[in-house]
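Student: Before anything else, here's the structure in question.
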Amino acid sequence: MAKAKFERSKPHVNIGTIGHVDHGKTTLTAAITTVLAKAGGAEARGYDQIDAAPEERERGITISTAHVEYETETRHYAHVDCPGHADYVKNMITGAAQMDGGILVVSAADGPMPQTREHILLSRQVGVPYIVVFLNKCDMVDDEELLELVEMEVRDLLSEYGFPGDDIPVIKGSALKALQGEADWEAKIIELMTEVDAYIPTPERETDKPFLMPIEDVFSITGRGTVATGRVERGIVKVGDVVEIIGLAEENASTTVTGVEMFRKLLDQAQAGDNIGALLRGVAREDIQRGQVLAKTGSVKAHAKFKAEVFVLSKEEGGRHTPFFANYRPQFYFRTTDVTGIIQLPEGTEMVMPGDNIEMTIELIAPIAIEEGTKFSIREGGRTVGYGVVATIVE
């Protein structure tokens, strides 16, 4: 059969399955593709095809992830499923698989388990904004009251981590039975996708967000002024816009963009993804440097102290061979530059072993433009020893 031309008319959403090992994440992923395939919205993928997720070398870390895509009547989805718990931790912290929403799979037969809690916490920390619950293996539970109990438990757990537990859709189903083609259970998969369509909003496009460009290089053009180059991370910048220069300085400086150049051509505007040079009015060459960002006035601030969720590379992944302790002072690489920072470990944690993931407080020696969700890597003498994501700004 000829491959159907891919319709890009539908809005695109990135989602993934999360939850405890053996609660049925991969079976559910297979069931979604199989049920939607009947309506022509997907290519059916068997459990084995998804479970044999290729290992990806993402920036030197090995992550196994399965990517599938499918469509409902209103949307196009890219869906990630990770076989192992460590893969989720790495994926979510490095942002290798960005999620606009998650389907939390909980076995009705077992109820919430340790990784259920961990994945909810991780989702909260790395900023997965919406969660829909699929209560799986309901064919194995005859007792209606027991199902209601498990549902209440899951809702309470979600509320505990700051998700709206009372409002989150919970669908009771059986991924395996749906995969085997039993109509009643297939209907539950359709119900799940209807809830996902309705409950997880279409993400704001990068171009609709406030302008931000990390500065990679700076040079001066005689008679014209100072040019900052970099790749626009989000938003749109137009000639004549007033922007701020943020980070690595006591206070933000304000300037007007008097020219935008790309591939040696002058443009009226540039947008997310473009590599540009921005000509800045009244800025001396020494007042601006790599590692700062240009951003829409008031949209982002420079901070030096924050809490972060961090994944420390194992020895096998090229990380440290020995643990580190509180007051460890590595470099934190944000966007285009390294800044030294001091690590404080949580109460009761003496040390961090290679391969661990942990929440820590970091204080940089100079402020950097950061927000919740900003990704960074931790480096020591030029080599990466960990990855992190800003969970909360302290000051």
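Cβ from N, Cα, C; glycine included.
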Student: For which of the residue intervals 45-48, 81-84, 229-232, 373-376 does Swiss-Prot record region 'G3'?
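Tutor: Region 'G3', as annotated by Swiss-Prot, spans 81-84.
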Student: In Swiss-Prot, one of 19-26, 51-58, 379-386 is tagged region 'G1'. Which stretch would that be?
Tutor: 19-26
Student: Can you identify, from 60-64, 90-94, 160-164, the stretch that Swiss-Prot calls region 'G2'?
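Tutor: It is 60-64 that Swiss-Prot describes as region 'G2'.
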Student: Look at the binding-site residues Lys25, Thr26 and tell me which residue has the greatest number of other C-beta atoms within 10 angstroms of its C-beta.
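Tutor: Result of the Cβ crowding comparison: Lys25.
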Student: Using a Cβ cut-off under 8 Å and a sequence separation of 6 or more, which residues in the same chain sit near His85 (GTP binding site)?
Tutor: Val21, Gln115, Glu118
Student: Can you check how the pLDDT averages out over the region 'G4' (136-139)?
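Tutor: That stretch averages a pLDDT of 98.
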Student: List the same-chain residues at least 6 positions away in sequence whose Cβ sits under 8 Å from the Cβ of Gly19 (GTP binding site), in sequence order, or say none.
Tutor: Lys25, Leu104, Val105, Val106, Gln115, Thr116, His119
